[in-house]
Amino acid sequence: MRALQARSTVLTSLFVLGALPVGVLGVDILKTNGFSTCLDNATISVERMNVEYNKDTKQVTFDVAGSSSEIQNVTASMKVLAYGKQVYQKDFNPCDKDTFVAQLCPVPAGHFAAAGSQDIPSSYASMIPSIAFSVPDLDGEAKLELKSLDSGQDLACIQSTVNNGKTMEVPAVSYVAVGIAGAALALSALSALGAGAHAGSASPSPSFSEVVGWFQGLAMNGMLSVPYPSVYRSFTKNFAFSGGLVSWGSMQTTIDSFRQHTGGNLTNDSYKYLRNATLVYSNGANSSVAKRGFEDLILLARDITTNVNGTSSTIGASDSSGSGTSATDNKVMHYVHGVQSYVEELSIPQANTFMTVLLVFAVVIAAITVGILLFKVILETCALFASFPKRLTSFRKQYWWLLAKTITNLILLLYGVWTLYCVYQFTNGDSWAAKVLAAVTFALFTATLAAFTFKIWQLAHRSKRTDGDASILFEDKETWRKYSLFYDVYKKSYWWAFVPAIVYMFAKGCVIAGGNGHGLVQTAGQLIIESLMLILLLWWRPYTRKSGNWVNSVIQVVRVLSVVCILLFVEELGVSQSTKTITGVVLVVMQSVLTGVLAILIAVNAIVTCVRENPHRKQRKEAEKLNRDLDTLTPLDARNSLLMGASSFPTEYKSPHTLASPIPLSSIVKTGYQPVRSHSPAARPFYTREESQDHLISSAASIGGWTDRSHSPPRDRQPRLPDVGFGRAL
């Protein structure tokens, strides 16, 4: 009984205030999450350590195994840390009467193991605070050190994190985030339909691309090589879907097979290997440990089973006789950091990262293609039995362009994370075929964006030469339909603002992937990039809508503050663990609040879009009415005068060449006849660029009775006003 009480003391000390959360198991438990060694060249090695405490039953279930190079008398030291601060410490001799542990007195030569369960006295159980069983993802660590009784030399050191089964990595959070992104997509589509494909119409903010970009930023914040607090590490994994990281066992097995046939090494980098591994987050001198969520929890038998060099014995709760075997699983310690730690927590081997995203991208493209073609087939089938809907005539003729535009939009949306995955594949991948695919797709994506950028610049440059500005990009319906996805949210004078946005995404991906393993470099680079983008947004305010400027500025401010907080996690700065944990909680709250605000804004925009009259349609109707009025004017109508200024036209429909003020009659008489400068059709929003104005000149009234149009009229001819039939010429 004395031995059992001593063993209870040792095991209880492993958990006192040291277990602070991760996973959701529905009962009040504390358990270790794997272990790692904290001593090089140890003469005693630990191969397995699984310990669990149940608050309801007040029992500890344990399974420990290891080996020693020789028989040794040792002393043990147990330390428990919470938030980086030591909250419990106990030194004991396993051979002392009060702290006797048979398996450690002395430590045998060769292999040894012990497994079983013990009742914990209430005096020890009461030392564990209730908060340890409820607060998710709080940092706790237990460390056991063995030293030689004779020389004091360090013989072994093991450490393990402990948790209560609760975590911020909750599937419901991912589902809500997907729902927010889907609502943003639906709102963008509703706004586009409401605008009636009107050239120059801007979608409300936050748009689908802004929401997905925000989620991608959250995911990328969790990929840096810094020692994150557990609460923030778990939180960022909820947004992995936005970057195409979707875990699917069958797909990972297929990718492993592909890599194996193209030069890949699956020994320590495969889906099968990860299923039997415990992730150890390595960050310089410190390490933290986390076990995968999909691992099965193995509960051991109540009786204690020991095994020394293959000889087994069972020690019951009241006797020490019997025999048995140890039935436990062996988990390898797998050290990870940076991008690798992020993706492998999702059960995606780091060498499979790019291929996973590529396959997800291909699946999305295939789904979009099938959806558009299926809709086309349904419409054509309906057209055989009824009239074709007039509003869908454009889709019927140009569905292929809609497909191309959708793919281009997806490329623009994923360009930042795609850059990250490609660069990471180049530097960490092992399959030559995967590297070739990364190079080809990255080149295609970049070339596609570059081609559209050049074409848009070419159109804008041509419009500036003829009309004085880049209005063709916004006022010509055909140009708007083809290229507006790049600049539809920007002002006319800032149509080029999408170029810095693309450069911003490219730079972020390169810094995170290229600086993998160097947390300070990654964080400093991110801070510079985010700060520059914030300065540009505040200086330019390039968005058409005020809401767009406000929303994107606030998002960028939070991004800068997030990187500043992550800078505190960098190991080189030496910030305490408690400060890091508080900072992690602040980050979670700040980013969650902004996500909630975006969701509310989407809902408000949806309501406004449904109940408010569309301004673009209203303006178009007013302009069409004005055109009809002008077409029905008579010579006696007061509006049909050369003296009427351009101020009578709506401001938004003025051409750059519209007269800004009335023309005095005296100036006409003094200067003589001046040929009328024709307007550019592209500058007039309600005419197509193919419309000709030749008929306006050919049907015009003769000037001064001159009817021969083969050559210009005499230079000395003076203009005169028309004879309106009052019997005298003016």
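The backbone N, Cα and C atoms fix where each Cβ goes, and this holds for glycine too.
Per TrEMBL, compositional bias 'Basic and acidic residues' is recorded for 708-720.
What TrEMBL lists as domain 'ML-like' is 28-169.
According to TrEMBL, the feature region 'Disordered' maps to 703-730.
Summarising the annotation, TrEMBL assigns signal peptide to 1-26.
What TrEMBL records for 354-379 (among others) is transmembrane segment.
Summarising the annotation, TrEMBL assigns transmembrane segment to 400-426 (among others). Beyond its flanks by at least six residues, the transmembrane segment (400-426) meets 209, 212-213, 216, 219-220, 223, 242-244, 339, 353-354, 357, 361, 364-365, 368-369, 372, 434-435, 438-439, 441-442, 445, 448-449, 452, 481-482, 485-486, 502, 504-506, 508-510, 512-514, 516 of its own chain at Cβ-Cβ distances under 8 Å.
What TrEMBL lists as transmembrane segment is 432-454 (among others). If one looks beyond the transmembrane segment (432-454) by at least 6 residues along the same chain, the residues whose Cβ comes under 8 Å of a Cβ in the stretch are 258-259, 262-264, 351, 354-355, 358, 408, 411-412, 415, 418-419, 421-422, 425-426, 483, 486, 498-499, 502.
As annotated by TrEMBL, transmembrane segment applies to 494-514 (among others).
Long-range contacts of the transmembrane segment (520-539) within the same chain, counting only residues at least 6 positions beyond its ends with a Cβ under 8 Å from a Cβ of the stretch, are 224-226, 338, 500, 504, 507-508, 511-512, 549, 552-553, 556-557, 559-560, 563-564, 566-567, 570, 572. Per TrEMBL, the feature transmembrane segment maps to 520-539 (among others).
Feature annotation from TrEMBL assigns transmembrane segment to 551-570 (among others).
Per TrEMBL, transmembrane segment is recorded for 582-611 (among others).
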Exercise for review: Could you please provide the mean pLDDT value for the domain 'ML-like' (28-169)?
Suggested key: 75
Check your understanding: What else in the chain is close to the transmembrane segment (494-514), if you only count residues 6 or more beyond its ends and a Cβ gap under 8 Å?
Key -> 220, 223-224, 339, 412, 415-424, 427, 449, 453, 456-457, 460, 470, 473-474, 486-487, 521-522, 525-526, 529, 533, 536, 540, 542
